[in-house]
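Only one structure is covered here, and it is reproduced in the block below.
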Amino acid sequence: MSDSTLRRFGVSMDESLLAQFDELIKEKGYENRSEAVRDLVRNALVNQSWEDDEQDVAGSILLFYDHHQTDVMQELTSIQHDMHHAILATTHFHLDHHNCLELIVVKGKAKELRGFSDQMISMKGVKYGKFTVAPVK
Ligand code: NI
């Protein structure tokens, strides 16, 4: 927590939403609602701040896919070679006979990286993908 003054504010929420929120707080291990709300706000601010296309960001792209799916490996490799200037590291895990998990660490302009990750995540054969960023000043 920063050394700035704490300010209180009231939040109205319907009961069922609040019950779900309390359940989440318990699962995640937050000490109280305030700490959970602060974290949610911080996340929202990070997500919002890198919506600026020209912002420099660093982050990771996680991809989960079946390498037997036609052309998926070849297309992923081809896209990554086009983006070699933005890729800091790549790690590939062979999870089982079919499935691969790939972690790509990237750094560059928000707009370019978003396009890059969208291209891979939306690819046929990619079952799950997630792009996580931290703003870099
Ligand atoms: Ni593999």
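Each Cβ is built from the backbone N, Cα and C atoms, and glycine gets one as well.
As given in TrEMBL:
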- HIS81, HIS92, HIS94, CYS100: Ni(2+) binding site (BINDING)
- 7-46: domain 'Ribbon-helix-helix protein CopG' (DOMAIN)
- 58-133: domain 'Transcription factor NikR nickel binding C-terminal' (DOMAIN)
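Positions of the features from TrEMBL, shown on the structure.
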| residue | record | Cβ contacts under 8 Å, 6 or more apart |
| --- | --- | --- |
| HIS81 | Ni(2+) binding site | none |
| HIS92 | Ni(2+) binding site | CYS100, LEU101, GLU102 |
| HIS94 | Ni(2+) binding site | CYS100 |
Residues outside the domain 'Ribbon-helix-helix protein CopG' (7-46) whose C-beta sits under 8 Å from one of its C-beta atoms, at least 6 past its ends, are 133-135
Return the count of C-beta atoms lying within 10 angstroms of the C-beta of CYS100 (Ni(2+) binding site), excluding that atom itself.
19
Among HIS81, HIS94, CYS100, which binding-site residues lie by ligand 1, judged by Cβ under 6 Å to any atom?
HIS94, CYS100
HIS81 (Ni(2+) binding site), DSSP three-state class -> helix
Per DSSP, what is the helix/strand/coil residue tally across the domain 'Ribbon-helix-helix protein CopG' (7-46)?
28 helix, 0 strand, 12 coil
For the domain 'Transcription factor NikR nickel binding C-terminal' (58-133), what's the model's average pLDDT?
94
Where DSSP helix means H, G or I and strand means E or B, what are the helix, strand and coil counts for the domain 'Transcription factor NikR nickel binding C-terminal' (58-133)?
26 helix, 36 strand, 14 coil
